[in-house]
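**Student:** Right, I'll just put the structure down here and ask away after.
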Amino acid sequence: MSTHTARPLGPQLALAGTVGKRVDVLVIGLTSASDGPEIALGDGIVDESVLTGLLDTLVAVGASGKAEETTRIPAPDTLPVDSVLAVGLGSAEKLDAEQIRKSAGAAARSLSGVGTVATTLSVLDLGAAAEGFALGAYRFNEFKSAKSAPGPDAQPVSRVELLVSSPRAKESKETLARSAAIAEAVATAREFVNTPPSHLFPAEFADRAKALGTDAGLKVEVLDEKALEKNGYGGILGVGKGSSRLPRLVRLSYSAKKRNAPKVALVGKGITFDTGGISIKPAAGMENMTSDMGGAAAVVATVVLAAKLGLPVDVTATVPMAENMPSSTAQRPGDVLTQYGGTTVEVINTDAEGRLVLADAIVRACEDDPDYLIDTATLTGAQMVALGNRTPGVMGTDEFRDRVAAISQEIGENAWAMPMPAELRSDLDSKVADLANVTNHRWGGMLAAALYLKEFVADGVQWAHIDVAGPAYNSSGPWGYTGRGGTGVPVRTMISVIEDIAANG
């Protein structure tokens, strides 16, 4: 049983029609242009003469409106706040929801030590502003003692008042509720990823996922190592053999209780720490492998979010959890294992373990006869070589792959559709088993991994595989609404795809 205690994962979000007296800082948007910056429209919430005075001061101190630039100035006596923060939105002609989200996040990150802020960014896009502030204010300091814990001046913003012309309108309330739920789900995924493997191992991860599912009213099933052995989950067991902390398989199911509701299966790789096993990784940077359960974190958060939003879609997450360690009991290069469902696999490289646990979970997920299946994983270093650290790769059945990629780009997670070249498939043939877990060369590694997974997807299922090896974890400096560590990608993509399925089938 987990002893983990949940904590607030972001600021309180509220609607407001005016700048209240308890507000410490007013955040406004500033667009850039060749003839100088302009304050983004505030829908009359702040008097135009006040905005004109603010713009003059901002120009005088060098504010340009460049995207995510922040400039803080003292507030005039006409505003009931201590200061005003202008955050750059970039070109007004190119302004979209994602830029508002990023700029809101940049504003939140710059306002450490501030209690309550109000913002007019919500006039431009309420949902994007709410998500950006909530995600930008996320912090993870759970393992800092009093010696190094942030003091009052470094605490994140605790309350954000989103200014709109009609704060009591049903549409505004619904938009804010949805955005707050999405931000909480992304933060939940981040929290899992950021928790070190000393404190988040398979059994603990399973317990915490179970608790989230139970609280959300989901059907929960947890298979321990004995149940995995009994049912033939050879991929999960093989990967977990080297660790004293034994594997799990978690199933979280949300039912829309609607006749003929579309069925969506989610599968996420849950390697709580990946040393590479016997095919051990280099020491440099291995600490970042705490993020190797980023796919699992995202699907757990997404199925809970689908339930909270009450979407008219049946969603089931199947989540394999294991720790990939080298030891005298670990699987070896050259071993043959049997995946759930009967396919035999020659393990050429024990560091290509993610596809082994995913294959078991995909076969199990397909037994539910889903209409759609999305799997996501920090699967291949080749994803980063091909697409960098911020662009997920999407492979799968052509139509659904393109649909997922397009939606991801619309909401700002920017996944890119990738092919699965048929000529690579024969490179996964084995001389001693049905398949090998890697090819005998380094070309197209991300694509070959997807081809491996394709072998386990049932005929007729619309399938998308999202490789987030780079995008799930930010090991460099913060940007936009993304701090260092877990990013929560691709939670927003998956929930948006599920919403699109609900609307359009």
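Glycine too: its Cβ is placed from the backbone N, Cα and C atoms.
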**Student:** Can you tell which of ASP292, ASP335, ASP369, ASP371 Swiss-Prot lists as binding Mn(2+) 2 with LYS269, ASP274, GLU353?
**Tutor:** ASP292
**Student:** If you draw a 10 Å sphere on the Cβ of LYS281 (active site), how many other Cβ atoms land inside?
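**Tutor:** Other Cβ atoms found within 10 Å: 15.
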**Student:** Below 8 Å Cβ to Cβ and six or more residues apart, same chain only. Which residues does that give for ASP351 (Mn(2+) 1 binding site)?
**Tutor:** ASP274, GLY276, GLY277, SER279, ILE280, LYS281, ASN324
**Student:** On a count of neighbouring CB atoms within 10 A, which of the recorded positions LYS269, ARG355 is highest?
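**Tutor:** Most Cβ neighbours within 10 Å: LYS269.
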**Student:** Let me know the DSSP-derived helix, strand or coil state of ASP274 (Mn(2+) 2 binding site), please.
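**Tutor:** Assignment for ASP274 (Mn(2+) 2 binding site) reads strand.
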**Student:** Given a 10 Å Cβ-Cβ cut-off, pick out the one of the binding-site residues ASP274, GLU353 that has the most other Cβ atoms nearby.
**Tutor:** GLU353
**Student:** CB neighbours of ASP292 (Mn(2+) 2 binding site) within 10 A?
**Tutor:** 28
**Student:** Can you give me the Cα-Cα distance between ASP292 (Mn(2+) 2 binding site) and ARG355 (active site) in Å, rounded to a whole number?
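**Tutor:** One finds 12 Å between the Cα atoms of these residues.
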